[in-house]
Amino acid sequence: MSEPPVSVADSLRDRARAALGSRNLILVGLMGAGKSSVGRLVAHQLGIPFIDSDIEIERVSRMTITELFAAYGEEEFRALEARVMKRLLKGGPRVVSTGGGAFINARTRRHIKKGGLSVWLKADLDVLWDRVNKRDTRPLLKTENPKQTLENLMNARYPVYAEADLTVLSRDVRKEVMADEVLRAVVEAQKESAVS
Ligand SMILES: Nc1ncnc2c1ncn2[C@@H]1O[C@H](COP(=O)(O)OP(=O)(O)OP(=O)(O)O)[C@@H](O)[C@H]1O
Ligand SMILES: O=C(O)C1=C[C@@H](O)[C@@H](O)[C@H](O)C1
Ligand SMILES: [Mg+2]
């Protein structure tokens, strides 16, 4: 009996899963890039666990990110984030969506670089602004001109995000399309490393 035909979606998923192996897939990028929502879909496609570092931080501290910033300040938050990230990346494979500033912190960046394959979801200012201005859960944007603050963060952070292993452009397309693009980038990276 002949095998049933493999759909394009199945084969992309299977190839990405094989390319990832036992490594973690870690999504980095600015607030609103889609790390949490796209990461969840990618994990579902790959059939591996999904963890969002912001949610994990809130779970272990039993405080919201906003409360943590207010009570302890950004520096303490970064120290906690680094500890949580180190622990999350010990096991694998998982899809780990990080908080927007995680990869910017040198200690956390080291854990991420050691802990798996990193993907920068890169978006332009208008896409990000459109997404983040709908909610006020991001303490760093509680400024007089949050759009300008977001632009300043882009200018300061984009050279650092560029150190991620892979870059995927986060555009105004459905999250499912973005998830497929992440899977495709993982497959392509594997092909390139096999050639070189
Ligand atoms: N491709 C997309 N198309 C439409 N909306 C999207 C897309 N990606 C994300 N969004 C929406 O944008 C908002 C921000 O996305 P998300 O929370 O995934 O970003 P994030 O990168 O995790 O941000 P943060 O660093 O603040 O956690 C959400 O409301 C989400 O539903
Ligand atoms: O960009 C940042 O520095 C942050 C992004 C969010 O995901 C949270 O981790 C927190 O609001 C800080
Ligand atoms: Mg998120």
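Every residue, even glycine, has its Cβ placed from backbone N, Cα and C.
Just so you know, TrEMBL annotations are computer predictions that nobody has curated.
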Among R138, R184, indicate the single residue that TrEMBL lists for the ATP site containing G32, A33, G34, K35, S36, S37.
-> R138
Determine, to the nearest whole angstrom, how far the Cα atom of R78 (substrate binding site) is from the Cα atom of S36 (ATP binding site).
-> 18
Within 10 Å of the Cβ of S36 (ATP binding site), how many other Cβ atoms can be counted across all chains shown?
-> 17
In this structure, which of the binding-site residues K35, R138 has the fewest other Cβ atoms within 10 Å of its Cβ?
-> R138
